[in-house]
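The signal peptide feature in TrEMBL is assigned to 1-23. The domain 'Plant heme peroxidase family profile' feature in TrEMBL is assigned to 24-327. Summarising the annotation, TrEMBL assigns disulfide bond to C34-C114, C67-C72, C120-C323, C199-C233. For R61, the entry in TrEMBL reads site 'Transition state stabilizer'. Annotation source TrEMBL lists active site, proton acceptor at H65. As annotated by TrEMBL, Ca(2+) 1 binding site applies to D66, V69, G71, D73, S75, E88. Marked as substrate binding site by TrEMBL: P162. Here TrEMBL flags H192 as heme b binding site. According to TrEMBL, the feature Ca(2+) 2 binding site maps to T193, D246, D254.
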Amino acid sequence: MRGSGYFVVMFFCFLAFMGSAEGKLQMGFYSKSCPNAEKIVQDYVDSHIHNAPSLAASILRMHFHDCFVRGCDSSVLLNTTSGTNQTEKLAVPNSTLRGFDFIDRVKSLLEAACPGVVSCADVIALVARDGVVATGGPSWKVPTGRRDGTISRTSEAMNNIPAPTSNFTTLRRLFSNQGLNLKDLVLLSGAHTIGVAHCTSFSNRLYNFTGVLGSQDPALDSEYAAVLKARKCRSLNDNTTLVEMDPGSSMKFDLSYYSLLLKRRGLFQSDSALTTNSTALSLVNQLLQGSLKNFFAEFARSMEKMGRIKVKTGKVGEIRKQCAVVNG
C-alpha cells in the first residue's frame, strides 16, 4: 500500500506538469518554430517607422491599452462583427489609436514565413519595443509566447484604461489592478515624452474645467494654457488638431516630460496628477536628478513588467491568422 508521502510527491509532480502545460513567456520563444520571427519584425520596423515616426508613440500606446484590458492578448485589435458586442476598438480611449495597418502588415509577413505560429499579441509587444528603439528610445526585453484572446468588449476598455482626465487616486487604482505600483505609474507615464494628442483629450482644462464654460484648470500653467488656446485648440469642440505632449521634444525620448510636470505644463490632468502625490513627485525629482541612461533602464523594467500582465500562454487563447478577427 502506498503511503501519504507518495501522493504528496505525485501531487507536486501534477502541479509541475500543469505549470509546464500552461506554458510561460520566454526569450526566443519562436527560435525553433519561426527562427526569423523577431528579425522580420525588426527589419520591417526599421525600414518603415521613419516614414511616420509618430507611429512609435502610437503603437506604444496601443500596447499599453491592450495590456490593461484582459492582459496583453491583442484584444484591442479585434473588429466588431455584430451589433450585440462592440469591441475595445470602439471605446472612447481607443478612438484615436493608430497603427492597426502597421501591425497587420507585420503579421502578414510573419504568416507568409510561418503560418499560424506568431501571435498578434507578440507582434504588438515587439513592434512597440522596436519602434521606440528605432526612434532613439530605450530598449527592453520582450519575452514571447503570448497567445491571442477571443473576447473584446468596449465596456471593459472604458473601465480599465486610465483616461487623460484621471486624478491620482484613479490612476493608482487602475495601475494597481494590473499589478503595477506607483513607480511603474510614474515611469510608464514618461512615455508621454513622445507623440501627440488630440485637443479633445485636454480641452476641458482650457475651456470647461469646472463645468462652467470658460473655466480653466488652475493646475495648468496660465502662459502655457494661453498658447494652447491661441495657437492650437481654439475651441472646446476642436477634435482634429494634434498637439505635442512634450512640446519641442515630442520626437525625442528624454526627461523633458518630467521637467514640464514641475513647470505645471503636463498636457493632461493625468500628467498633472503625478505632482499631487508626495511619493510620485519625489520619484519625478529623482528621475530628473539621475541620468538619461538611468531613466531608460527604469522605464525598461516597468515595460517588461507591463508586458507580462495576465498573458495567455500554452493552450489558452489562439494564434489568430488575421489580427482583426478571431479564427473561424
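The backbone N, Cα and C atoms fix where each Cβ goes, and this holds for glycine too.
Fair warning: this is a prediction, and the values are worked out from it, not measured in the lab.
Feature annotations (TrEMBL) mapped to structure.
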residue: H65; record: active site, proton acceptor; Cβ within 10 Å: 22
residue: D66; record: Ca(2+) 1 binding site; Cβ within 10 Å: 32
residue: C67; record: disulfide bond; Cβ within 10 Å: 31
residue: C72; record: disulfide bond; Cβ within 10 Å: 27
residue: S75; record: Ca(2+) 1 binding site; Cβ within 10 Å: 28
residue: C120; record: disulfide bond; Cβ within 10 Å: 30
residue: P162; record: substrate binding site; Cβ within 10 Å: 22
residue: C199; record: disulfide bond; Cβ within 10 Å: 22
residue: C233; record: disulfide bond; Cβ within 10 Å: 23
residue: C323; record: disulfide bond; Cβ within 10 Å: 23
### Message
Roughly how many Å lie between the Cα atoms of C120 (disulfide bond) and C34 (disulfide bond), rounded to a whole value?
### Response
14
## Note on the structure
In chain order, residues whose C-beta lies under 8 angstroms from the C-beta of R61 (site 'Transition state stabilizer'), counting only those at least six residues away in the same chain, are L97, A191, G195
### Task
Report the residues of the chain - excluding D66, V69, G71, D73, S75, E88 - with C-beta within 8 Å of the mean position of the site's C-beta atoms, for the recorded Ca(2+) 1 site, in sequence order.
H65, C67, F68, R70, C72, S74, V76, G149, S152
### Summary
Going by C-beta under 8 A and a gap of 6 or more residues, the same-chain neighbours of C34 (disulfide bond) are L110, A113, C114, V117, V118
### Summary
By a 10 Å Cβ neighbour count, the lowest-scoring of the recorded positions V69, C114 is C114
### Query
Looking only at D246, D254, the binding-site residues on record, which one has the least crowded Cβ, with the fewest other Cβ atoms within 10 Å?
D254
### Query
Looking at the recorded positions C233, D254, C323, whose Cα is closest in space to that of V69 (Ca(2+) 1 binding site)?
C323
### Query
Which residues, in sequence order, are found in the same chain with Cβ within 8 Å of the centroid defined by the Cβ atoms of T193, D246, D254 at the Ca(2+) 2 site, excluding those residues themselves?
G190, H192, I194, S249, S250, K252, F253, L255, S256, Y257
